[in-house]
Amino acid sequence: MGFSLSNFTGDPFAITTISFGIISWVVALAGAAASEQSTFPHFSWWGVAYQIVIILIIFVLYANNNIELYKFTLVGLVSIAFIYTTNTTNNLIYNSDSSGNLCCAAGCILLSILNLIWILYFGGHPESPTNQFIDSFSIKNHGHEHLGNTNPVSKSEVQAYDEMGANNQDYRRYVSPAQIPDAPQGPLRLGSHQDISSGNGNTTMQPPNMPGSAVHTPQGNTTNNNNTYMSSSHLAGLENFSSQDVPGSGATGRDLTNNSTSNKRNTIYTDSETGTGITFRYKAKALYSYDANPDDINEISFVKDEILEVDDIDGKWWQARRANGQVGICPSNYVKLLDT
């Protein structure tokens, strides 16, 4: 996970608490520096130094987008800082009348409040009401890394598929909103020289090229109307099919025309058929309904109590697959793992 300030700026809770912590620490440091050192508790200097280290650690974890992996460690570290700041406050308020000492005590009071908030948040369960309320402010603004290393499909390219499917019912939309690992790289391009013919002789349409491949006709298969086929390998990573059935044409390819007389089936595929290379090892139940962010093509929508297959369950966003075969990412605090 690379270092990026967008990971930090995308979380309002991180910006608010760390900014508040830096301001409070500066107040405490200024008071300690202005105090008479002969009467100032020397151990309080260690508490002030320890506090800034904790603030910097939390900032780095947020910037690297792996804060979730160290929450329990942070609870212990912040608890120690909480003891230091509260003890320093007690010593400076009741044992000195120096304005510098009182200024340092004021900063330590603010740091104690901050440390208590961090303990409650980092120590709380992701499904707790307080954590879900706090995370709700960053759920839409937090940037996601695209799944895998494929180039993201632009919004205009997806709309081109939608328009083509709306104008010809023989052409189905085979675009997944998520970037699937191991999918061929390269953006989708329109303007293929191959046509998909309809069985009734209607005007053919030119579908977009699949990334890294071309539509072709299997050898030895010739018909009068020059029907074209798409190999099943070209459909790798495109699980997000429409709800309508897809005609099957055997192991060598899938017939995308209306000429096939073979049996139809629902568009739910196994791991080997989809070619994603992902094994969804867990099942999760949706605690709430979630509408995917229209600006992020990787997200999927789901409804409350829906059962999802999930994997890669580290962090705030998990890879998930719905019952209809749609693959993408879902927020971890909206679902609950089921015992299998």
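Keep in mind that glycine also has a Cβ here, set from the backbone N, Cα and C atoms.
The compositional bias 'Polar residues' annotation in Swiss-Prot covers 194-207 (among others).
Sequence annotations record features per position, and here Swiss-Prot assigns compositional bias 'Polar residues' to 229-246 (among others).
According to Swiss-Prot, the compositional bias 'Polar residues' annotation covers 255-271 (among others).
Annotation comment: Swiss-Prot describes 279-340 as domain 'SH3', evidence class sequence analysis.
Positions annotated as region 'Disordered' by Swiss-Prot: 192-271.
For the topological domain 'Cytoplasmic' (1-12), DSSP puts the residue distribution at 6 helix, 0 strand, 6 coil. Swiss-Prot lists 1-12 (among others) with the feature topological domain 'Cytoplasmic'.
Note on the topological domain 'Extracellular' (34-42): mean pLDDT across this stretch is 85. The annotation topological domain 'Extracellular' is assigned in Swiss-Prot to 34-42 (among others) on the grounds of sequence analysis.
Same-chain neighbours of the topological domain 'Extracellular' (87-101): 31-36, 39-41, 44, 47-48, 108-109, 112, counting only residues six or more beyond its ends whose CB sits under 8 Å from a CB of the stretch. The feature topological domain 'Extracellular' is assigned by Swiss-Prot to 87-101 (among others).
The annotation topological domain 'Cytoplasmic' is assigned in Swiss-Prot to 123-340 (among others).
According to Swiss-Prot, the transmembrane segment annotation covers 13-33 (among others), on the basis of sequence analysis. Long-range contacts of the transmembrane segment (13-33) within the same chain: residues 40, 44-45, 48, 51-52, 55, 58-59, 62, 67, 100-108, 110-111, 114, 117-118, 121, 134-135, 137-138, each at least 6 residues beyond the stretch ends and with a Cβ under 8 Å from a Cβ of the stretch.
The transmembrane segment annotation in Swiss-Prot covers 43-63 (among others), and the record cites sequence analysis as its basis.
Here Swiss-Prot flags 66-86 (among others) as transmembrane segment, drawing on sequence analysis.
With a cut-off of 8 Å between Cβ atoms, the residues of this chain six or more beyond the transmembrane segment (102-122) that come close are 13, 17, 20-21, 23-32, 34-35, 40, 44, 47-48, 51, 58, 71-72, 74-75, 78-79, 81-82, 85-86, 88-89, 92-93, 96, 130-131, 134. Per Swiss-Prot, the feature transmembrane segment maps to 102-122 (among others).
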Next on the checklist: Can you break down the topological domain 'Extracellular' (87-101) into helix, strand and coil residue counts using DSSP?
Outcome noted: 11 helix, 0 strand, 4 coil
